Amino acid sequence: MPELPEVETSRRGIEPHLVGATILHAHIRNGRLRWPVSDEIYRLSDTPVLSVQRRAKYLLLELPDGWIIIHLGMSGSLRILSEALPAEKHDHVDLVMSNGKILRYTDPRRFGAWLWTKELEGHNVLAHLGPEPLSDEFNGEYLQQKCAKKKTAIKPWLMDNKLVVGVGNIYASESLFAAGIHPDRLASSLSTEECDLLARVIKAVLLRSIEQGGTTLKDFLQSDGKPGYFAQELQVYGRKGEPCRVCGTPIVATKHAQRATFYCRHCQK
């Protein structure tokens, strides 16, 4: 599933081609996504795009009368086309722009979403989200306060959007490795120093992935059709049985809440 770096990479890739241009029309080939494509999107015509923003894993296209909320789901990606290339099987939505560009949404598993809202504040998919991990609000003090009485393992807690948004399976595993923290540790067992370190490495790992265009493991592509290159720098995720890049101990893979977790028994305590 695309996580924060992949969504931010998509935002940065599409923004220059959309902001200041006008949506001439939307071409919806298959509106049966996780939720049906909103009727207002079908009716878009001569609508300028004012900004392209991100909240958590949602892309937000600001229009004069409302917002398009896009979620990439498990396998979605957005590409900017310079010409109307023939659509393939999983190309479900096109926004045809006045500058000759086309924003094409591809989603093999159709778990993504294209929603419309007049107001962002209070929308049900955004209302209960925690802070952005790259914001000043997310720091060691905040993390310690939220972990102090939490009797659950730290890995699934990091992936809870009520704690912090956008830290999915890949980046939770990578951040815990970078901080030297075992994923099965109770959140409440983390010290002040560990919370401070973990908050800092989460920011560092996410920023590094954004610099590399995100992580492509299967479906994700950047807006120019290229893969993200952070996969080449993964320390533990997807490396079951391979030697730890730090100590040489084989990487272990376990399941937490039906999600794969990767870690090093020697480096993470």
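Note: Cβ is positioned from N, Cα and C throughout, glycine not excepted.
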Residues flagged as zinc finger in Swiss-Prot, choosing from 25-59, 200-234, 235-269: 235-269
Matching residue for the DNA site, where Swiss-Prot names HIS90, LYS150 - out of ARG79, ARG109: ARG109
Intrachain residues whose Cβ lies under 8 Å of the zinc finger (235-269), provided they are six or more past its termini: 153, 155-156, 159, 169-170, 173-174, 176-178, 180-183, 217
Maximal Cα-Cα distance (Å) across residues annotated as binding DNA, namely HIS90, ARG109, LYS150: 41
For ARG109 (DNA binding site), nearby residues of its own chain (Cβ under 8 Å, 6 or more apart in sequence): GLY73, MET74, SER75
